[in-house]
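**Q** Submitted below is the structure of interest, expressed as structure tokens.
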Amino acid sequence: MFENLSDRLSKTLRNITGKGRLTEDNIKETLREVRMALLEADVALPVVREFIAKVKESALGEEVNKSLTPGQEFLKIVQRELEKAMGEANESLNLATQPPAVILMAGLQGAGKTTSVGKLAKFLRERHKKKVLVVSADVYRPAAIKQLETLAQSVGVDFFPSDVKQNPVDIAKSALADAKLKFYDVLIVDTAGRLHVDTEMMDEIKQVHAALNPIETLFTVDAMTGQDAANTAKAFNEALPLTGVILTKVDGDARGGAALSIRQITGKPIKFLGVGEKTEALEPFHPDRVASRILGMGDVLSLIEDLERSVDREKAEKMAQKFKKGDDFTLDDFREQLIEMKKMGGMMSMLEKLPGAKNLSEHVKNQVDDKMFVKMEAIINSMTLKERANPDIIKGSRRRRIALGSGTQVQDVNKLLKQFDEMQRMMKKMRKGGMAKMMRGMQGLMGGGLGGLGGLGGMFKR
């Protein structure tokens, strides 16, 4: 997320953090570099001008130079102003109304609006325990109705049927009546997208808005369109009262111009980030956490939240009890660990949220391939129950059969078994001898046995 901007800013700010005193002369070059980094990230010019002016004013203030580490204070100022540009605090959905709370979704074609409806429905059902109904009022694209129906089934929410022959306003009214009748907590209405903001589109959505009187009107924009995303949202907001923005395709946006421009140009908060194609890939937008990630400081809070949501407490407790009793760590246990890792978005997703992840060498980053976990799981799935319980019996012919069944090579099976053997030994060391032995075990595991994770052993040496 925002790799180019993050790399450029981290490199620029590293040069000033050691300064003993900040003067107009020694911050001039740094501010010029920051300005260039923001413009290259496609941040809107008025936003860049205001940002630079505020950073300069604060950096030359008396309090900063009274500090023992003015360079570090400068970094804090940049972080604070980044947060302010994006909205300072997380603004969650407002559902404080007589149920059903209606959420109207709008956006241009191809921005990921319908997918965002499915993600939002899943988010509300799983994290807020809401009974959700979704409906498509997009009568211009038959595939949109079918797409939303399929999404609704996959995320476990109800779908209100609609047809291309119906009027969008009639669809909206019927869905609202049904939501009231069946005591739904939330109704999410998907509307038609267009290639650009036009009068016909605005008139239609105004009518739908008037019929529903939604408590939330969210505009979905593609992060990769940069400041154009902010300008489109502004034009839309002038015709319809938006309450917030969902920024999609953030995982593919290396620049970050949209995230830094939207709040100041539209006056509306970013409420969610779409960070992938999967239905769980929707994150509440926290300006402070995003600013921290942009500056290479990681996002530990989000990582902890991911862990709390993804880890099955019951399974974790069983594993802990098994470990205490001294039972063997089996290949089935290993597979469970791989599944938990996948649920959290994979190793790379976790690494990106750790402080200092930006300083990892490209060699290490290239070694972390999340497809590797899929391959490892497939190999274990191709084993019989007996083989999983007794990996020592897996010799030549069995290894060839497992490789064939999992669509992998024999050397992949060999690597996995070697890695598993080292994990077993590490578990035994942990039972016998505490943290020092555990760290040495982990170093050995990550240094050689993990195949694709080879270079990560260096993390424990720094």
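Keep in mind that glycine also has a Cβ here, set from the backbone N, Cα and C atoms.
Keep in mind it's a predicted model, so treat the numbers as computed, not measured.
Residues or ranges marked as GTP binding site in Swiss-Prot (evidence: sequence analysis): 107-114, 190-194, 248-251.
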**Q** Counting Cβ atoms within 10 Å of each candidate's own Cβ, which of the binding-site residues LYS113, ARG194 comes out highest?
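**A** Answer returned by the neighbour count: LYS113.
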**Q** Can you tell me the three-state DSSP label for ARG194 (GTP binding site)?
**A** coil
**Q** How would DSSP class GLY110 (GTP binding site) in three states?
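**A** Note: GLY110 (GTP binding site) is coil by DSSP, not helix or strand.
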**Q** DSSP on VAL250 (GTP binding site), three-state: which is it?
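**A** Note: VAL250 (GTP binding site) is helical by DSSP.
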**Q** Only counting partners 6 or more residues apart, tell me which same-chain residues put their Cβ under 8 Å from the Cβ of GLY110 (GTP binding site).
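**A** Within the chain, GLY110 (GTP binding site) has Cβ neighbours under 8 Å at GLY193, ASP222.
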**Q** Return the count of C-beta atoms lying within 10 angstroms of the C-beta of GLY107 (GTP binding site), excluding that atom itself.
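**A** The Cβ of GLY107 (GTP binding site) has 26 Cβ neighbours within 10 Å.
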